[in-house]
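Colleague: Have a look at the structure that comes next, please.
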């Protein structure tokens, strides 16, 4: 029922007093009927619009107790995985640990309302943390908040413009190379924490994967035994547990005693390994990230911060959307993923999260796999994960101080190791996709050498060369055809896909070569049954080519031409095909 009809039902026709009295007598019945119409009408009214933009309204009407129990189990399991990961990812971004928990809390709640894929877990990820560090390193935390806000705005604009199809331009080899390079870079950045090495004094030693690995290899003798021991022990434990660590809840008093005993603080002795440091408890108040900040004696405006972030507000949302849609496709069981709605959901997660000092967020492969294995039913499981994050911010933050940095480094290394995909190299080579293998090599090399943003864009450009070349570069099939019933023999040239201006010269050369080899008396027929694209230059070139063939005593015909091109090419019917206006019929 459209809006005007809804108002008509509620108000009644004003010109008829009799109908008004009937409406008053049966008011309750008509009111209930109109409510049922609004609830059940799937194609009109405001309710379907709300269901379109709020997916939570689609499945809550059929939500059962079994769904509630399944989501609770999945949400708690996911929350136990999300808390240590969020703390670790915040350290990658160079932020205090609470920023990762802020992102996990807000992302889980917002996506429960707006998300379309039940397995997706929105929050901090290793990929977003690495990008955040690259753009906001050596800056105040407000830069990270502004980066999350601007990234969310860009994602909302892309969703509003329905640009979800852009994700299709990124091929599988590019995605694989990008994620593998990101995993390698994260592993490289965590080697110092794993071994207990201090950060280098010079900036050049912290400029990328190769410089980091070279610096660690030179200073490995400075590694501390306690940090190395606890780090490698945690990696071994995580591998044994298949990267799904189960954190056993414990009372605060027992955990305090265990932490004090583990860190040696009960005796006043020095802590044998580097700790995470103090974590600010509680939830920050709502604050728009567009306010100016003061660093020292200098006031930095919001627009100055955006300018300092460079290409971050554009690249970060692009990578976030890529990761989120890829996860959605992986867990959608073959069903189509609403990329536009995912952009809107992700954009609001970042915009609202930035108002609570959140770092940039997106979906996480590892957490989504945990959610899927836990039997999640709906996105409502994010509420239970958010409750655990809220509990961690309210009660457990004093104990995060005692987490060794080597432990967080081990968690990160174990989490990103499955992102490495070296097996795709052998698959591409054995299957004969040699150009895709070249794309993979170019992308991962650029990511490691020039940065992951340059590598992603470079991989996209290289991967698009092949499909563009198939349309731009002329491809044909030639054969001699003899039609016995019509006693007509001709040389057939079958055009593939399209004829654009770069292939015009090659077509002219080919036609003239065919005339020279087979004689001018043998007609040449261009079969356009597979040709779906043609530009203005190609139309003019075909007309000129037909005139040239005609002057040489030959005949150029066309077959299976789309009707829309008949007038453009000035074609007319002949006995054996379509001819140009300059040729004799």
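Every residue, even glycine, has its Cβ placed from backbone N, Cα and C.
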Colleague: Please identify the range among 72-92, 177-197, 198-218 that TrEMBL labels transmembrane segment.
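Modeller: Checking TrEMBL against the ranges 72-92, 177-197, 198-218, the transmembrane segment one is 72-92.
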Colleague: Of 362-381, 382-401, 482-501, which range does TrEMBL call transmembrane segment?
Modeller: 382-401
Colleague: With TrEMBL as the source, which of 121-139, 140-158, 235-253, 254-272 is set down as transmembrane segment?
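Modeller: That would be 140-158, the stretch labelled transmembrane segment in TrEMBL.
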Colleague: For the transmembrane segment entry in TrEMBL, name the matching range from 99-120, 275-296, 297-318.
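Modeller: In TrEMBL, the transmembrane segment feature sits at 99-120.
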Colleague: What does the DSSP secondary structure composition of the domain 'STAS' (492-561) look like, as residue counts for helix, strand and coil?
Modeller: 34 helix, 23 strand, 13 coil
Colleague: Is it true that the transmembrane segment (72-92) and the transmembrane segment (407-425) have 3 or more Cβ pairs under 8 Å, skipping pairs fewer than 6 apart in sequence?
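Modeller: Answer yes: the transmembrane segment (72-92) meets the transmembrane segment (407-425) with 3 or more Cβ pairs below 8 Å.
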Colleague: Based on Cβ pairs under 8 Å, which of the stretches 99-120, 140-158, 407-425, 437-462 lies most in contact with the transmembrane segment (382-401)?
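Modeller: Between the stretches 99-120, 140-158, 407-425, 437-462, 99-120 has the largest tally.
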